[in-house]
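*Asks:* Got a structure for you, questions after.
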Amino acid sequence: MDNRAIGYLDSGIGGLSVVKQALKQLPDEQVYYIGDTARMPYGPRTSDEVKKFTWQLADFLMEKDIKLLVVACNTATAATLDDLIKYLPIPVVGVIQPGVDAASQVTESNNIGIIATQGTVNSMAYYDGLKKINSDFHVLQLATPTLVKIAEQPEKNELTVNQVVTKVLLPIKASGIDTLVLGCTHFPLLAKFIQEAVGEQVKLVDPGTSTITAVAQILDDFKIRHESTNGQKRNLDKYFTTGDQKTFDLLAENWLQISNLNVQHVSIVGERLISVK
């Protein structure tokens, strides 16, 4: 039994799509989440920048004494996961391999699409992972940074969003894929628009779902699940943002469908992140 929190990090609010799955699959586990909204998006940044920022987020969560870290950002996973696994004294889970595994099991035609940030596309992490499983997979990657910006907007005009998403995904729709990996954790927030744009015949894969399944297995393997006793509820979830607290709060509450979230602002001071009560 281990009642410490699970930590989640992302460049912004996208990782909340992974948290949403965690709240469904692991309702007894406490959540500590940090979104680096002041410096998002990570996609256009250099690998060194992404590594630096990701380590700052990880160190911040480690100071909170988390028991497991979920890198709930595809760009950060591609750039930093191996180092985090090597150097942190706790289990670390990324979102790419679970997404690769899920897509490989879902596709029937072996034609798989990936939409992601430019950084994730450049890393070739999804492409290489899928090809390693089956060299016959035909993998089409498309960088869609516009979708990240749309997902981070607190106010969305559905007609405008639908038009933009449809235009951005025209190459995907024309490609003949049967499976599309939402290779950025922001994209499940736009899932209904993406599904409409590519057609109902295309199966969408949200790596967040299989990521939390992997987390559950690790909790069991390491015997670190939270166990309630005498009906005791788990501790309060905590959310941190380097950006505007009110904007983050609005987006998070809308997506998670939870009111009165405990959201705190975090200041970037030199190489460290400092909580501001």
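Glycine too: its Cβ is placed from the backbone N, Cα and C atoms.
Among the features that TrEMBL reports, substrate binding site is placed at ASP10, SER11, TYR42, GLY43, ASN74, THR75, THR185, HIS186. The active site, proton donor/acceptor feature in TrEMBL is assigned to CYS73, CYS184.
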*Asks:* Given the recorded substrate site (ASP10, SER11, TYR42, GLY43, ASN74, THR75, THR185, HIS186), which additional residues of the same chain have their Cβ within 8 Å of the Cβ centre, ordered by sequence?
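*Replies:* Other same-chain residues with Cβ inside the cutoff are GLY12, GLY14, GLY15, MET40, PRO41, CYS73, ALA76, THR117, THR120, VAL148, CYS184.
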*Asks:* Around the C-beta of SER11 (substrate binding site), how many further C-beta atoms are within 10 angstroms, looking at every protein chain?
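*Replies:* SER11 (substrate binding site): 33 neighbouring Cβ atoms within 10 Å.
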*Asks:* Under a three-state reading of DSSP, tell me whether ASN74 (substrate binding site) is helix, strand or coil.
*Replies:* helix
*Asks:* So how far apart do the substrate binders ASP10, SER11, TYR42, GLY43, ASN74, THR75, THR185, HIS186 get, largest Cα to Cα in Å?
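*Replies:* Result: 12 Å between the two most distant Cα atoms.
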*Asks:* Please list, in sequence order, the residues in the chain of TYR42 (substrate binding site) that are at least six apart in sequence and whose C-beta is under 8 Å away from its C-beta.
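*Replies:* Result: SER11, ASP36, GLU49, VAL50, PHE53, CYS73, THR75, ALA76, THR117, GLY119.
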